[in-house]
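What follows is a short report on a single structure.
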Amino acid sequence: MSTTATETTTSYVPAPETLAAVLTRGERPPRPSAWSASVTFGWRAMLKIKHVPEQLFDVTAFPIMMTLLFTYLFGGALAGSTTNYLQYVLPGLMAQSIIMITMYTGVAVNTDIEKGVFDRFRTLPIWRPAPMVGYLLGDMLRYTIASLVMLTVGLILGFRPSGGVVGVVLGIAVLIGYSFAFSWIWTMFGLLLRSEKSVMGVSMMVLFPLTFLSNIFVNPKTMPTWLQYFVNANPVSHLVSAIRSLMAGKPDTGALTLVLVAALVLIAVFGTLTMRLYNRK
Amino acid sequence: MTELAVETSGLVKVFGENRAVDGLDLRVPAGTVYGVLGPNGAGKTTAVRMLATLLRPDGGEARVFGRDVVKDADEVRRRVSLTGQYASVDEDLTGMENLILLARLQGYKKPAARDRGAQLLEAFGLTDAADRQVKNYSGGMRRRIDIAASILNTPDLLFLDEPTTGLDPRSRNQVWDIVRIVVAQGTTVLLTTQYLDEADRLASRIAVIDHGRLIAEGTPGQLKASIGAGSVHVRLRDAAQREQAQRVLSRELNAPVHLEADPVALTARIAEAGDDQAAAERAARALAELAADGITVDDFALGQPSLDEVFLALTDRPATIEENAA
């Protein structure tokens, strides 16, 4: 491979005619739409997965581990049997795993800024949020993979949602939509913080309390009152209630409305902050 | 009056305590290579980043083809392209994927994007490397894919930020050839460099900046002329005669004589500007005086001052000071 590299370097002589031919000043294609530019950045995220498939480890092995761990470790003690517990915990575990992996968006943004390619994107006359939306579109694919992996493991272990296929699909759709909104927190931190490590650090500090102090693992009624206040106010609890209700075939409109409002607020606040940082960087 | 590609007045950018760009006035005529020369940390990159709409100025004004870089940023972005100091392509992607990505972002449809990518790879001698990840490219190839990406839509103004830093001589020559061709096709090139010979060879005008300020501006010839007609370089046979030679030269040339690191070499700058004829005559007289004093001269040369000497004269320190320190 390196031999080829050397040959290409040494034999290349810039030819005026060939170069002049590519330096045309013909009519430029029209500026791409916001959607088309975002999808193109999403395509870039897919190419990165193609070239570095190891990065799918966190959306495959990690969720499998979580499912097995919590089902078998706590199932017997908390719900009498692992299969009973699985019916309760799996929708929540899905939410936890996906919310956890949203932080890699921040890491990806941060790593990109360190490199010159970000400058290139910022000097292109395109819809400004497109690179950010592109990251998130690529990440939605990752969230989908993680959800399907967990669903498969769950089904094998005995997860039998009464909402059927429709309920499960709707549940996963709500989860992925919410994660899209939630990821804007990390695009902001990715632009704000100096290093990849600090992005990871902040993400952990936010994500651990947010996912564990929720209704994912146990019914909040078993908790001390002061903790119940936090757990019941935690947006992750509402998300989990909404997904559970959809998968159980009894949609909880109250929780669904709260999830929708939370998602819109997240995009409005963190999307705006992200774009301010992106433009000022 | 020729059109101006870039016009700045009192441009300022402050990072904390550091006034990286401190009241910079530039006028870059369209259709030329314009060199911005200065040592590391002089503010070259910061200035370019403001002109390319990547940084917001803290003061002053900057216009690119008459458009304000802040108020009219999108219009400026349509006309400029930047090849940064570090590879401005995605190293995880292949050369072809990078070009398709950028072509798509500039409105090419899928097949057209691929055609344009293939055409550019061909023109830059990268067809064989089309399907390899850019991180496996050599330094010269990386620069070429970078420049190819910058001219995907032929820009009216191309910023090249230290395009040859870290390249081997062959790759550097390739980049120089590319720059000449790009300019011949009507694109203005604004090139920053810390290599004086690079600015000398490529640029039709040069701005010398230091500490974020313009300290000299003109054609390479004007800059050289501004500090004196030229330099006299002398090599003696016997190092023991050097001090004596220094006295003679200093008297005859009426200029300070610099002792080189080489124990037999001396250099003197001829003080007055402009008159090359007088300078040559005085140099000849000095040579005769050396011979009359019994000093054996092995080599005697009268040359135009190099831009290194220009830089030294303008800033009172060598242009390559950072490199020596490193």
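Numbering starts at 1 and runs along the chain as displayed.
Cβ coordinates are placed from backbone N, Cα and C, and glycine is handled just like the others.
TrEMBL has this to say about the protein:
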DOMAIN    A:54-281  domain 'ABC transmembrane type-2'
TRANSMEM  A:56-79  transmembrane segment
TRANSMEM  A:85-111  transmembrane segment
TRANSMEM  A:132-159  transmembrane segment
TRANSMEM  A:165-186  transmembrane segment
TRANSMEM  A:198-218  transmembrane segment
TRANSMEM  A:255-278  transmembrane segment
- Query: With pairs 6 or more apart in sequence, are the transmembrane segment (A:165-186) and the transmembrane segment (A:255-278) linked by at least 3 Cβ pairs under 8 Å?
  - Reply: yes
Most Cβ pairs under 8 Å to the transmembrane segment (A:255-278), of A:56-79, A:85-111, A:132-159, A:198-218, goes to A:132-159
Given A:56-79, A:85-111, A:198-218, the one sharing the most C-beta pairs under 8 Å with the transmembrane segment (A:132-159) is A:85-111
Long-range Cβ contacts under 8 Å made by the transmembrane segment (A:85-111), restricted to residues 6 or more beyond its ends, are 55, 58-59, 62-63, 66-67, 70-71, 74-76, 78-79, 132, 135-136, 139, 142-143, 146-147, 150-151, 154, 157-161, 171-172, 175-176, 179, 182-183, 185-191, 193, 195-196, 199-200, 203-204, 207, 210-211, 214-217, 236, 239-240, 243-244, 247
Given the transmembrane segment (A:56-79), its same-chain partners at Cβ distance under 8 Å and 6+ residues beyond its ends are 49, 85-86, 88-90, 93-94, 96-97, 100-101, 104, 142-143, 145-146, 149-150, 153-154, 157, 217-218
